[in-house]
Structure formats: structure tokens, C-alpha cells
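The following features are taken from Swiss-Prot:
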type     : residues                                                           : note
BINDING  : ARG16, GLU17, LEU18, LYS19, LYS112, ARG516, CYS517, TRP562, GLU606 : 5-methyltetrahydropteroyltri-L-glutamate binding site
BINDING  : ILE432, GLY433, SER434, GLU485, ASP600                             : L-methionine binding site
BINDING  : ILE432, GLY433, SER434, GLU485, ASP600                             : L-homocysteine binding site
BINDING  : HIS642, CYS644, GLU666, CYS727                                     : Zn(2+) binding site
ACT_SITE : HIS695                                                             : active site, proton donor
Amino acid sequence: MAVTHSLGFPRIGAGRELKRAVEACWAGRTGPAELAQTGRELRERHWMIQSGSGIDLVPVGDFAWYDQMLNMTALLGAVPRRFGFQADALSLDQYFQLARGNAEQPAMEMTKWFDTNYHYIVPEFDRETGFGPGTEWLFDEVEEAKALRLNPKPVLIGPLTYLHLGKERQAGFSRLELLPRLLPAYAAILRRLHASGVPWVQMDEPILGMDLPPEWLEAFAPAYAALAEAGPKLLLATYFASVAEHAVWLKSSAVAGLHIDAVRAPEQVADFLKDFPADKVLSLGLIDGRNVWRTDLRRALEQAESAGAVLGERLWLAPSCSLLHVPQDLSLETSLNPEIKDWLAFAVQKLEELAVIDKGLRLGRQAVAAELAERDRLLQTRAQSPLIHDPGVKRRLEGLSDADFRRHSPFAERSPLQRERLRLPPFPTTTIGSFPQTPKIRAARAAHRRGELNGDAYRDAMRAAIREAVYKQESLGLDLLVHGEAERNDMVEYFGERLAGYAFTKHGWVQSYGSRCVKPPIIYGDVARPEPMTVEWIGYAQSLTKKPVKGMLTGPVTMLQWSFARDDQPRAVTALQIALAIRDEVADLEAAGVAAIQIDEPAFREGLPLKAADRADYLDWAVKAFRLASCGVADDTQIHTHMCYSEFGDILPAIAELDADVITIETCRSAMDLLEAFGAFGYPNDIGPGVYDIHSPRVPAGAEIRALLEKAAAAVDPERLWVNPDCGLKTRQWPEAEQALANMVEAARAMRRAESLAGSAA
């Protein structure tokens, strides 16, 4: 009989209880005790859901107040010394300061978790980094699960992944050198778990799906040989990509079990089944943990049956990865189109699907014949549904030519025309788009959605917010303004709601970072734009000022990456469909007199496949999608794009191929290190490195911002530098945003004065 288990479960709660509790604690409305109680209640609820669905081993340690990688840093006692915190006495408040910064120290860096829209807090390493006793949270949670008479399976980020995803804060050494110091800390954790009666521990090593240098690969076998002696049986878990090239040595390694992703890489199953050792278990991830479509149960059961014929009771069944990446429960969606709802499965439903596969494997197909027949019917209904197909969209794609994917003139010819039209000073200042979403703004949007605020009253409320944003920007002295995005609940959801082919949930929340949750739309069919989406708001903002106002759009790659995309056609085709819709909006904005249009692509890099061999194809269609969206404008219309949380060094040629006139990037948490790559590459167009971290409430001093600008000016031609925050200001409060922007504007003016003096001296 197969063992069923889960690699992780959504932690925020079906009603975003964790978000609300954390933010109440941050605001001082509640204390750590109340927050801790909410955490206990959520953990118990989620464990019981999983156990009630038939999961034999429930994950413990997948819960985190902010981030699971940050939890590992706290557990390992690897808290950066710059904060001055005692690792084994770390309070919740101090834990949050690591992620959010404080008056003395900026936050730890944050970046994307592989190719997902989840963000993790990056560990910091130097030669003196120590590992030792840390927080007790994991051990406490194990005891909580045992008290509920559950079978806990602790989940740890494995040591190689933990080190690899960290960052050196000191030149001249490799973080891999810390492995001999790190392994004893892991071994101590494993011994404690073993002493508490835990039989299995899941060790997540998703970096095995990447192209790793030889020294990193060679470190795995001896590392796990050492850890296997600590007591519990180790299940080494991989996901997001194939690890077939490592099958031979993984099967001979010291771990007691392996988990592989059979959704993203079903072909690798055969490599692992061949000569699979008799003393190990193999866990197959048969249910997609990354997307929301119902599983083809018949095909998944066939996979399980084939593996079971080889492995017998050594077969384990699981989702492909943690269910953190999907919403919690589809049953809460009472207003979703019933036909579309029938095609979907969220975390709870995915565990139910796993139970069907397990039952079919144990009792035979006849025991689940009704479930298989019903699923076959739903899959066929979806494939034939008229909701999916739009012949007009397909005709437009077929009619595209090379001219649709390029600007009229090269950047060197466009740039002077844009400068003349926009009349911007050196080191022009701007923001990334959104301004603080005040309770008043949110209340107006919510009332309008509920039908309690009519269209005229809603328009008046949004216009009032736009007026305030424009007034504040003019008062601060910003050069290129934005309208503030008061009307937008989310940069993807807002546009998706106005596009055909998208569906929306009421409760489909997933965690993005910390307390930040997003509700990704669902792309179920061909995408088209029925009518203009932003022209009214941008045009109104421009009517209030003589300064230029940027149009603000979300790019096609991000619209795809931050949605649950349809799985019945190539992602490249869906991206081009979205690009055509954005292209139409760009044309309408330009016709309305908008001189600068920003097409945000913060998710551009996150779509990059983990393996280099697969990347050229992705970059080809991703670049084409952006260019299709942006290249229909005149030379004197300035196209901006924004990217964040990214390591760009390996994709700079593709970023240059986007041919955006201005790119703004998030660089502050990495102290402008990213900009050096742009400088070394010789990035040809304008660039705006983020000069302060908007994810932290900390307000940087003007001198601090100027120091970053001076560092930027040493890496990139100052004539091509823009000055802007790291990202949008939606989650900040107005007082801190205004002070930070005032300091930013003053730093830009100081740079202009310095450049002017330098020019005079020359």
C-alpha cells in the first residue's frame, strides 16, 4: 500500500487569517501572544484538513510567519550579525525586522523562489557566519502535531539549497566553504527530531533541478551520508524540473527516499524506476502543485500503477511540490462560472484527487470507476467548450508580420526625440506606478464591487485619489508623474478583469511574500480586449498637470506568469494573445496624447526555465511578446518597463532585445550590485536603478540615496540614469512614502548640481 504525503500546504488561511494577524501585530493592535495563537489555530486546521483527506504523513515546518527560508535562517542560528540579535532568543519582532528592516539596518534581500511568484528572504553569508542553536519553533510545532495524534513529517530546506540560494556578503570566498560548518547544525536538528520520535524528515533540495557547478553537485553525496547518520529517515525532495541526469547517484545516495516531480517532468520517472534500490522509497509528485486545473485522474493512476508494479509498498504518492502556490479551497467560490469551476482544483481538492489515485492503486480501478468516468467527462467538456475558443484572436495572430515586432527607429534616434518631447532634466525622477492604497480608497473600491457605490460616485472617489497623487508628486518635485493606480486592486487582476479569456475568484489567495497575498486570475480561454482599460484614468491625471504622466500597464509575460495559465496550449501562444491586447491599449494611450507608457514586466525572469538548455526558447517568445505589445508607437513616445527581484546577468542580451527606452530595476537591497552587470554588459538604453527599498517601512536618508546614485553613476553613463524607488508604493503609508520621495528628489538634485559643477570645471 502506498504512503500518501504532502510536501506543504497553504499557510495564510482560507480567509487570509495569517495576513490579518501579522499586520495587526505590526501595527501594534495586537501582541505576539495573539499572533502566536492564530498560528497555532491555522496549523491545527491545516493539518486536520490534510489528515482528513487521507494524507498519511502531514508536513510540519512548512508554516512560516514570513518565509520558510527565513525560518531556516532562524532555526540554524544564522541571523546576520549586523542586526545584533541573539539567534537562540530571537523574538517574533526581531524575526520580522530581519525581513522588513529597522531604523538602523536595511532588510535582508528578497528574491523569487525559483520560477514562481513566491519570494524568499536571502540568507547572508561571510567567512565568519556561524551556525548553532536557533529558534525552537519547529520543535514546538512537531509536538503540536503529535498532541493531535498526527504523524508529522518535518520539512526542512536542505543544506545545499540553503547555501546556494544565499549570497556572499564578503569578497573572496564561496558560501560553499561554509558547508562543513553548516552540516553539524543540520545534524543537531535531525537528532532532536529523531529523539522526539519523528521517523521521516523531508529535505527539500530543488536546486538539483538547476544546472549546478561540479563542486556543488559533488558536495551532495558526502553531505547526505553525514546527515543520514543523525537518526531519522531522510526523504530528499526535488521539484519544478527534471533531475533525471542525477538519477544514478541519487539512487545510490544515503537517503532513505526520493521525491520527484512527475508533473513537470514525467519522463524522468522511468530513469528512477530502473534498478531502483530495494532499501529506498520513491515518491511521485502526480498532482500539479503549481496550477489549478483538475488532474487527468486516469493518466495519473496509470503512472501510479506502473510505478507500483515495480516498487510495491515502496511507492509514495504526493503533489508535485508544496501546495503553497495554489489557493486553499475551491468550495468557497460560489460566484465562479459553474462550467469553469468544474475544470479547477485548489489545494483541498488536489488532496482529494490524490486520495482517488491512492484508492485506485489499493483497491483497483473498479473501486474508482465512477470518479474516473466523471473526470473524463469534465476534461472532454473543457476541451470542446466554446468559452475557450475565439477565432478572431487566432486570425490576428496568424496575420502578424516581422514589422509588428520592432520599433520604427533604433534607440539612438528615438531618445533625442523623447527628451525633446518630455523636457526632463538630468537624473530625471519618477516612481514605478502605484501610490499608497489608503483605507478610503480600498473602501470605495469594495463598496463599488458590492454595488453600494454607483458608477458616478466611484469615479468621483477615484478621481479624488488621482488628484491627491498628482498634487503630491508636483509638490515633491518629481519629473515624470504617474496617476497612482487607485482604481487597481492588483496589477494583474485589474487588467485580467477587463480581458476576455480570464476568470476571477473571490477567495483564491496565495502568498507572494510576507503578509502580501495575491489573487491570481485564471486564464481559461483565448485572450482579447473588448474596450480600453486605462485611458480614462491616465487621461484625467494628465489633464491636471503640465508635467508628463506615464501610462501604466502590466506586460504580457507578467500577465501570464502571475496568472494560473491554461494548460491546453503552449504558453508562448497565450503570451502573444495577451500582447495583442496590451498593444491595443498602448495605441489608445498614445492616441490620447500620453508621451510615456510603462509596460511592467517584473516577472520576466521568473519564467526562465531552471535549465539552460530550455531557456533560449522561453526568451525568444517572451521578448517577442513584449515587443509585440510595445512596438506599435511613434519614435517620440517613450516606452518604459520595470523588473524586480531579479538576477539579470544571464539574460541581459534578452533584456536589451526588449528595446524599452527606459528600464527601471530593483537594486537597493543588493546595494546596486545588479547595476554592475548592466554596466559591464554595456546596456544601451536608459536605466533607473531603484534607490530605496519600498518593501520596508524604513525611510532612507538623502545622503544614503545619493551614495547609491554615485555608485550607479560609476557603473552606467550618468546621462542615461533615472532616479526612482525599487518598486510601487502601494503597500506603504503616505507619510513614509512622501518623506522617502522627498529625500530621493533632493538626492537627484544634488547629483545634478554635482554634474553641473563637474561640467563647469571641465
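Backbone N, Cα and C define each Cβ position, glycine as well.
When secondary structure is read from DSSP and collapsed to three states, LEU18 (5-methyltetrahydropteroyltri-L-glutamate binding site) falls in the helix class. For HIS642 (Zn(2+) binding site), the binding-site residues whose C-alpha atoms fall inside a 10 Å radius of its own C-alpha are ILE432, ASP600, out of ILE432, GLU485, ASP600, GLU606.
With respect to Cβ neighbours within 10 Å, the recorded positions HIS642, HIS695 differ, and HIS695 shows the lowest count. Surrounding the centroid of the Cβ atoms of ILE432, GLY433, SER434, GLU485, ASP600, where the record places L-homocysteine, the chain contributes additional residues within 8 Å, namely THR431, VAL482, MET491, MET552, GLN598, HIS642, CYS727, GLY728, LYS730. When the binding-site residues ARG16, LEU18, CYS644, CYS727 are ranked by how far their Cα is from the Cα of GLY433 (L-methionine binding site), CYS727 comes first. In this structure, the C-alpha atom of GLU485 (L-methionine binding site) lies 20 angstrom from that of GLU666 (Zn(2+) binding site). Ranked by how many other Cβ atoms sit within 10 Å of their Cβ, the binding-site residues LEU18, ILE432, CYS517, CYS644, CYS727 place CYS517 at the bottom.
For the pair formed by LYS112 (5-methyltetrahydropteroyltri-L-glutamate binding site) and CYS644 (Zn(2+) binding site), distance between Cα atoms is given as 9 Å, rounded to the nearest Å. Rounded to the nearest whole angstrom, the C-alpha distance between SER434 (L-methionine binding site) and CYS727 (Zn(2+) binding site) is 8. The closest partner of CYS727 (Zn(2+) binding site) among the recorded positions, by CA position, is ILE432; the full candidate set was ILE432, GLU606, HIS695.
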